[in-house]
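One structure below.
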Amino acid sequence: MGLDLGAILKPGILGVSDHDAIVSINIFIALLCSCIIIGHLLEGNRWVNESITALVMGLITGGVILLVTNGTNSRILVFSEDLFFIYLLPPIIFNAGFQVKKKQFFRNFMTIILFGAVGTLISFVIITLGAMGLFKKLDVGPLELGDYLAIGAIFSATDSVCTLQVLNQDETPLLYSLVFGEGVVNDATSVVLFNAIENLDIGHFDALVLLNFIGNFLYLFFTSTLLGVATGLLSAYIIKKLCFARHSTDREVSIMILMAYLSYMLSMLLDLSGILTVFFCGIVMSHYTWHNVTESSRVTTKHTFATLSFIAEIFLFLYVGMDALDVEKWKLASSSPKKPIALSAIILGLVMVGRAAFVFPLSFLSNLSKKEARPKISFKQQVIIWWAGLMRGAVSIALAYNKFTASGHTAVRVNAIMITSTVIVVLFSTMVFGFLTKPLITLLIPPRTGPNTSSLLSSQSILDPLLTSMMGSDFDVGQISSPQYNLQFILTAPTRSVHRLWRKFDDRFMRPMFGGRGFVPFVPGSPVERSDPDSHLGTVTEAER
């Protein structure tokens, strides 16, 4: 019943078992549709999301397949690293950057970097040292230093989807910004860290190797970021100068999609971090490129990127649910499930301790650096930020399979133990912590009471807070329409903040060259010219260009 999806995409493979291949693909697509429908029906209570639904559906489907195959198989598709890293991961990460609330993201940039980069490194160190000290007591197997370092990177990658589903960005803009921003920076840092570890010479570890590791990490981080920014700016410049909308909106959409994917593949070709590259490419594209296209192209790209990311995440969690019942891995790992469960409990404990070790101290440092006019992170908000990072998901699964399997299979006992333990951690953290997210946030931050509040919250989908950011200005996130509030903000905001300096530089040099809000090229009859409320303020005409 198992099918290698990467293999059937190659011509000539389907000739042997066309029928089985088509049946397997149809079943998996039907399961994806079922996850979306059930997730939608359960969304009114906002206790679960499509990720939890996909995990449960995967477990149920895996159980049915086990019965049908007499306990020999539990999956419809065989996991392929190429499938995930080349096809599934790019849309997930790009959409995170494309839909990010840039004003809140860069206003709290230092705090987000503290949590997402420095915090991830602290968590990585604690998980690695804890694993080295505790795994040996369970007689897990012969793990080397590189394996322990990889384990630290794997379980430092967070998944805050359940928390973001419950948080409301209009009521708690600071908290939403920190949780979302830290989540995407954390994923990027974890993958860069993992790649740096893979290139580390463990056999001759000394101070020089450590310095080389730090230098390699910084090199991957900054070069990957620069490549993403450069690709995003190139796409903005091309679309601004060529004005594709005169001829075809499809060309605009195609260029944006292909340039985004090109940034990821170029990064992989140059042995950089594709996840970091495509994330910053998404940020730059949403700031410049997206404002250079027509309104129809804006709507199309916004929903296309969100849809691809949405399907990719459901696909992965559905597979994880089925793979959790993989009998071969469980038999190879241990004669009883006690050892993988005990190992998973240790990992979860290290994750909780590692996250607490940086959330509360770094929040204290962040509050010290803020002036009186800037909102500080309260203790209740710190607890929510700590809780938001306890769940593990797509990136952890992908890195674990990359390290401990070959195309989804493993014949080594210690690798089987690590895969089964990772699956348990993802299942437990997503389902248990995910279910408890809503009551915890309701307890710490009671929702506002109002005639339309409950209906508004229940009608929003998990992606709505992200999608609505693209319909307005890239700088109007978190703004409150009250003139009184805006006047107070102007009077109390620091006059020489980094954000204001960037705005001046951006308006004077970057936007005139690469486009953006207020600097869109004039296209006769373009929907942008008819619908953009600010087009009369800063539109650049043909003569002015």
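From the backbone N, Cα and C atoms, a Cβ is placed for every residue, glycine too.
Annotation source TrEMBL lists domain 'Cation/H+ exchanger transmembrane' at 29-441. What TrEMBL lists as region 'Disordered' is 525-545. Taken from TrEMBL, the feature transmembrane segment applies to 21-42, 54-71, 83-100, 112-136, 148-167, 174-197, 217-239, 260-285, 305-322, 342-364, 384-402, 414-436.
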Paired segments the transmembrane segment (54-71) and the transmembrane segment (342-364) in contact, 3+ CB pairs under 8 A: no
Of 83-100, 148-167, 260-285, whichever stretch has the most CB pairs under 8 A to the transmembrane segment (414-436): 148-167
Winner by Cβ pairs under 8 Å against the transmembrane segment (305-322), considering only 83-100, 112-136, 148-167, 174-197, 384-402: 83-100
For the transmembrane segment (384-402), sequence-distant contacts whose Cβ falls under 8 Å of one of its Cβ atoms, 6 or more beyond its ends: 51, 79, 81, 84-85, 88-89, 92, 115, 150, 153-155, 157-164, 167, 175, 178-179, 182-183, 186-187, 190-191, 194, 275, 313, 316-317, 320, 348, 351-352, 355-356, 359-360, 363, 377, 408, 418-419, 422-423, 425-426, 429-430, 433-434, 437, 440-441, 444-445
Proximity verdict for the transmembrane segment (112-136) and the transmembrane segment (174-197), three or more C-beta pairs under 8 Å: yes
